[in-house]
Amino acid sequence: MDSPTWAGDPVNLGGLMSQNGDDPEQRQQASEADAMAATFRASEHQHIRYNPLQDEWVLVSAHRMKRPWQGQVEPQLLKTVPRYDPLNPLCPGATRANGEVNPHYDSTFLFDNDFPALQPDAPDPGPSDHPLFRAEAARGVCKVMCFHPWSDVTLPLMSVPEIRAVIDAWASVTEDLGAQYPWVQIFENKGAMMGCSNPHPHCQVWASSFLPDIAQREERSQQNYHSQHGEPLLLEYGRQELLRKERLVLSSEHWLVLVPFWAVWPFQTLLLPRRHVRRLPELTPAERDDLASIMKKLLTKYDNLFETSFPYSMGWHGCRETKGAS
């Protein structure tokens, strides 16, 4: 499995003089000829890889993994999270910042974010006085979803039926908000180093009146691929990765987990359905069961990497809701 990283050290390409007075152009041609004659190995030679979803190229310099490393090492966490804290605003029965009291929930719990990044009634900024200073209206809804009533569990520590309940809640809120907005983004930032402000297991749900840039590029790229090749881009990509078996992490009856060919983040994975599914509400009961199972296996593998509760950012990307407001 490739572990691509960004090459970050500048290289001085000038200032060297030949001892025998060879012409610089001849030396460059000879060097290029030697490079072409060498056998390419992805783990040894830098190269760029194409990301068909984002229509961009990424630099892979895997040989830099051999360099000495003296980076930061996090100490082992000694603090334990209490199962229930009446002062934690995400716990059942606790009072939140706006004065509302949470119900004594025993599964998932969805509520409006008390500090939303998007609001449905924000005013329009109006016309710009210069093309370099443009602003447009952004409206939407932000919700928080608690996965479990206990604060000392995470998705990999939950049972498969409990994870299945989370998936059903994801599908339900996607369908509900998708009736009003063209884009519904579900994401989880797990761990303090990923910006999570509360250890209670939860995620965010943002519905917006606009399509984010990344989603726009993914939609455009997939539409172009389908028009050229007659099949969904990610469906063909999943089939190719199954055949090559170079970056496959997990597979099940309905799902694949793989390291994308264009990965740029350490331990980056892509979770794909084996059939063409546009958004979470379209998943069958069997696919939801299987998704809960493979998610538990994947996230357990993450925890076992460094024998700690692994921090990550996770998000679901589907097709835009065509009936949403603009």
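Every residue gets a Cβ built from N, Cα and C, even glycine.
TrEMBL annotations: computationally assigned, not manually curated.
As recorded in TrEMBL:
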REGION    1-32  region 'Disordered'
COMPBIAS  17-31  compositional bias 'Polar residues'
DOMAIN    40-212  domain 'Galactose-1-phosphate uridyl transferase N-terminal'
ACT_SITE  HIS202  active site, tele-UMP-histidine intermediate
DOMAIN    219-319  domain 'Galactose-1-phosphate uridyl transferase C-terminal'
Across the domain 'Galactose-1-phosphate uridyl transferase C-terminal' (219-319), average pLDDT on the 0 to 100 scale: 96
HIS202 (active site, tele-UMP-histidine intermediate) has how many other Cβ neighbours within 10 Å of its own Cβ? 20
What DSSP reports for the domain 'Galactose-1-phosphate uridyl transferase C-terminal' (219-319) is 47 helix, 17 strand, 37 coil
